[in-house]
Amino acid sequence: MTKQMHAFHMVNPSPWPLTGAASAFMLTSGLAMWFHKHSNTLIFLSMILMLLTMYQWWRDITREGTFQGHHTSLVQKSLRYGMILFIVSEVCFFFGFFWTFYHSSLSPSPDLGMMWPPKGVIPLDPFEIPLLNTAILLGSGVSVTWAHHSLMEKTHKDMVISLSITIILGIYFTLLQGMEYFNSTFNISDNAYGSTFFVATGFHGGHVIIGTLFLTVCLLRQLMFHFTSSHHFGFEAAAWYWHFVDVVWLFLFISIYWWGS
C-alpha cells in the first residue's frame with residue numbers, strides 16, 4: 001500500500017463520464033429524430049441511461065467523500081471553484097437564448113409582420129401561471145436557504161422539513177410548466193416567438209428537474225446523516241445551482257413573459 005503525500009484526490013478510473021456522454025449524444029439524436037416525426041424510443045433509452053449514470057456517479061462520489069475521506073478541505077475548495085465555473089458556463093448558455101430573443105423582438109423582420117409578438121401569436125398572460133411559478137421559485141429559494149441555515153445550526157429536523165418543502169415546490173413548478181405548455185395556443189415550430197419561448201423556458205425547466213433531483217439526493221443523504229456543518233459540499237453545490245435557476249427564471253419572466261408579451 002503506497003502512502004499518499006498530498007491532499008488531493010486521485011480519482012480512480014470510472015465509466016460514468018463515458019456513459020453520461022453517450023446518454024447526452026443519444027438524447028440530442030433522439031430529439032432530432034422526434035422533431036422530424038420519427039420514433040421517440042431513443043429519447044426514453046437515453047433518459048434511462050442518464051438516470052442510471054447519475055445514480056451510479058452520485059453513489060461513487062458519496063462513498064469517496066463521506067466514507068473514504070477523500071474530500072479534504074483542499075479538495076472541497078477545488079470542487080467549489082469547479083461549481084462556480086460550471087454556473088458561469090450556464091450563464092453563458094442562457095445568455096445566448098436571451099440574445100436570440102431580444103434580437104428577434106427589438107427588430108422584428110418582415111416575416112414576423114414587423115411586430116412583436118408576431119401576428120397570429122396569442123402570448124400567455126404573465127400574471128397567471130408565470131406569476132405563480134415566480135412566487136413558487138422565490139419561495140423555494142427561501143426554503144433552501146432555511147435548509148442551509150438549519151444545517152449550519154445542526155438542527156436535523158428543520159433541514160429535512162425545509163429541504164422537503166423545496167423539492168415539493170420544484171415538482172409543483174414543473175407540473176405547472178407542463179400544464180402551461182399543454183394549454184398554449186402556439187408551439188415551438190410556429191415562428192421566432194414560439195421557438196425562443198419554448199427553447200428558453202424548456203431548458204430552464206430541464207434545469208429545474210435536474211436541480212430537484214440534486215436536492216432529492218441531498219435529502220436522502222441528510223436522512224442518513226451524511227452532512228455536517230463543516231462537510232457538506234454536495235448540498236452547498238445543490239443550493240448554489242438552485243439559486244441560479246431562480247435568478248434565470250426572474251430574467252425569463254421579465255423578458256419573455258412580461259415585456260415580450
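Including glycine, each Cβ sits where the backbone N, Cα and C put it.
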Residue pair His71, Ile188: same membrane side in Swiss-Prot: no
Long-range neighbours of the topological domain 'Mitochondrial intermembrane' (106-128), counting only residues six or more past its ends (CB under 8 A): 180, 184-186, 190-194, 253, 257-258, 260-261
Other parts of the chain folded back onto the transmembrane segment (156-183), taken as Cβ under 8 Å at six or more residues beyond its ends: 124, 129-130, 132-133, 136-137, 139-140, 143-144, 146-147, 150, 198, 201, 205, 208-209, 211-212, 215-216, 218-219, 222-223, 225, 242
Recorded stretch that, among 41-66, 73-105, 129-152, has the most CB pairs under 8 Å to the transmembrane segment (191-223): 73-105
